[in-house]
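As given in TrEMBL:
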type	residues	note
REGION	1-33	region 'Disordered'
COMPBIAS	7-18	compositional bias 'Basic and acidic residues'
COMPBIAS	19-29	compositional bias 'Polar residues'
TRANSMEM	149-169	transmembrane segment
TRANSMEM	181-199	transmembrane segment
TRANSMEM	211-229	transmembrane segment
TRANSMEM	259-277	transmembrane segment
TRANSMEM	298-319	transmembrane segment
TRANSMEM	358-378	transmembrane segment
TRANSMEM	390-410	transmembrane segment
TRANSMEM	430-448	transmembrane segment
TRANSMEM	455-477	transmembrane segment
TRANSMEM	489-512	transmembrane segment
DOMAIN	540-663	domain 'STAS'
Amino acid sequence: MASIHSSNEDIEAKELDTRSVSSSRNHSQGAPYIHKVGVPPKQNLFKEFSNTVKETFFSDDPLRPFKHQPKSRKLILGVQAIFPIFEWGRGYNLLKFRGDLIAGLTIASLCIPQDIGYAKLANLAPQYGLYSSFVPPLIYAIMGSSRDIAIGPVAVVSLLLGTLLQNEIDPVKNPDDYRRLAFTATFFAGITQATLGILRMGFLIDFLSHAAIVGFMGGAAITIALQQLKGFLGIQKFTKKTDIVSVMQSVFHSAHHGWNWQTIVIGVSFLSFLLLAKYIFLSDFTCSGEQGKKKKNLFWVPAIAPLISVILSTFFVYITHAEKDGVAIVRHIEKGINPPSVNEIFFTGDYLAKGFKIGVVAGMVALTEAIAIGRTFASMKDYQLDGNKEMVALGTMNIVGSMTSCYVATGSFSRSAVNYYAGCETAVSNIVMSVVVFLTLQFITPLFKYTPNAILAAIIISAVINLVDFQAAILIWKIDKFDFVACMGAFFGVIFASVEIGLLIAVSISFAKILLQVTRPRTAILGKIPRTNVYRNIQQYPEATKVPGVMIVRIDSAVYFSNSNYIKERILRWLVDEEEQLKEAYLPSIQFLIVEMSPVTDIDTSGIHALEELHRGLQKRDIQLVLANPGPVVIDKIHASHVATLIGEDRIFLTVADAVSSCSLKLVEEA
């Protein structure tokens with residue numbers, strides 16, 4: 001039995017050795033040693049499939065903490081995974097609470113005036129903005145994994161939601177159905193976010209490129225600022241369109257009879273104050289030394305400036321009765337906390353599909369913004385942010401929010417920045433902010449009656465200015481021109497068409513870039529770097545020399561059905577061009593084509609078919625095809641398809657140097 005077993009092992013070893021042979025001829029005396037290309041052992045189909053699924057959906061190995069744990073511990077870990085507050089809450093102390101209290105009070109002073117303005121941006125009554133900064137932050141504090149993100153309504157999502165909703169229902173003629181559609185959209189935004197998190201499909205939001213986001217955010221910021229000209233200038237009749245042409249026409253047409261000078265004075269004065277306060281804060285980013293340390297203590301200046309502006313402008317209007325001279329004021333904010341709104345959500349009827357469509361779009365934009373903000377501050381504090389947990393938390397808070405009279409809430413960059421610099425330690429700062437908003441709704445809202453709309457416009461303009469990131473756009477131009485096209489396409493789409501058109505352009509260009517890179521991968525001709533055995537792109541290294549009688553081409557991509565035909569034709573074009581140059585220079589023609597396959601991570605049946613066609617095409621030209629360093633997946637498929645036999649296993653090498661050495665020997669022998 002032992003001899004039979006030994007014999008079987010010898011046979012298997014010989015078969016494996018036969019499959020892994022790729023390059024080698026018998027090693028004769030004096031000839032350089034040429035390594036073989038190893039072929040990985042065959043994997044079980046189920047195991048291979050499960051590994052692929054794991055890397056796609058569970059790359060972060062979320063079940064790792066549960067391994068080798070007793071059932072009681074697994075239960076605790078499961079609760080902590082869903083509600084992270086039970087994990088970090090164990091080590092919470094008074095010192096951390098002090099930082100969270102200061103941060104929470106600071107962002108509350110910023111969020112209250114912003115929320116009133118953002119609600120108007122979404123064409124909703126002011127209290128709905130405050131509602132959205134009461135319930136959602138509480139839910140997020142329990143389920144969220146970010147320590148720094150501040151939750152509430154944001155300008156871009158408010159504008160997007162308001163634009164999409166008013167395309168379906170007029171908020172002035174039918175405010176009740178408009179509000180109900182807003183809650184329905186918020187519900188489906190939450191469902192979308194939570195579903196992506198539960199199914200661990202967070203990678204989908206990465207399809208919207210950074211360049212497209214920069215352009216979209218910049219265009220949205222300008223659109224939002226232009227929309228505020230109505231309140232800033234005191235215009236009564238204003239266009240409902242958001243494109244820059246329609247807005248500026250509306251502004252100039254009302255210049256002679258529609259502008260209110262008292263409103264303009266209020267707006268300009270307080271906008272100047274807000275920008276000055278923001279300058280004091282932002283200068284901290286550029287200063288250094290003792291000056292920098294002193295200015296870091298001024299983080300509260302831009303945070304509290306909006307609330308100071310509201311108090312002063314409200315008091316000014318109240319004592320002067322400027323509303324009688326045409327200064328538009330808030331007039332009324334509903335007192336009391338969030339009323340239930342479950343019965344207002346459209347679960348049937350025509351508006352159900354419309355709410356679903358709007359909710360998916362708003363939810364994805366809100367999710368992209370929140371994840372980007374969360375990752376930014378997580379990297380600054382050097383901790384990991386679980387994107388899928390974030391999605392579940394954001395989705396849950398919006399689902400609950402839709403049932404408590406809230407519209408779509410997400411992470412706010414301006415508030416999160418203030419939260420970070422105010423010294424927040426945990427998500428308790430969101431709870432503190434929520435409590436302050438609760439007290440405001442219960443006791444303070446009547447005091448906002450005389451708040452001028454101009455101050456809300458000024459607050460929103462000062463908040464969105466930073467969304468226009470010129471430095472990022474310049475950097476994108478320097479790094480990647482196609483990315484810059486995507487950035488500008490999204491930017492101009494928003495300001496000259498509409499928010500949804502800009503978003504569509506951003507998504508379309510992002511996908512177009514992916515398709516272009518997949519269908520038209522880079523290829524390069526390689527040459528030998530002098531005094532080395534290294535072969536590199538001759539365009540990058542002009543000193544690299546070509547090998548006589550040999551052409552070396554590198555494929556810089558996986559070979560799939562979408563690009564296999566292009567790669568084959570591109571290689572043949574290189575070959576034709578090279579042969580023409582050699583013929584003109586009276587140099588020996590090409591006899592070997594070496595394809596460097598190190599960057600080729602995978603190949604499908606179309607790619608295999610393209611290799612076969614390339615081999616046959618080269619045979620007609622009396623040129624031999626040689627492969628160098630195919631990866632484990634590629635070499636396995638080459639053997640499985642018998643392409644290795646077709647090309648010749650002695651023509652598959654571990655390195656380009658080995659391939660050139662072998663080809664050069666053959667050229668010498670033939671000569």
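Each residue, glycine too, has its Cβ placed from N, Cα and C.
By number of Cβ pairs under 8 Å, the transmembrane segment (211-229) is matched best by 489-512 from the list 259-277, 390-410, 430-448, 455-477, 489-512. Pairs of Cβ atoms less than 8 Å apart link the transmembrane segment (149-169) most often to 390-410, out of 298-319, 390-410, 430-448, 455-477. When each of the listed stretches 181-199, 390-410, 430-448, 455-477 is scored by C-beta pairs under 8 angstroms to the transmembrane segment (298-319), 455-477 comes out highest.
Mean model confidence of the domain 'STAS' (540-663) amounts to 93 (pLDDT, 0 to 100 scale).
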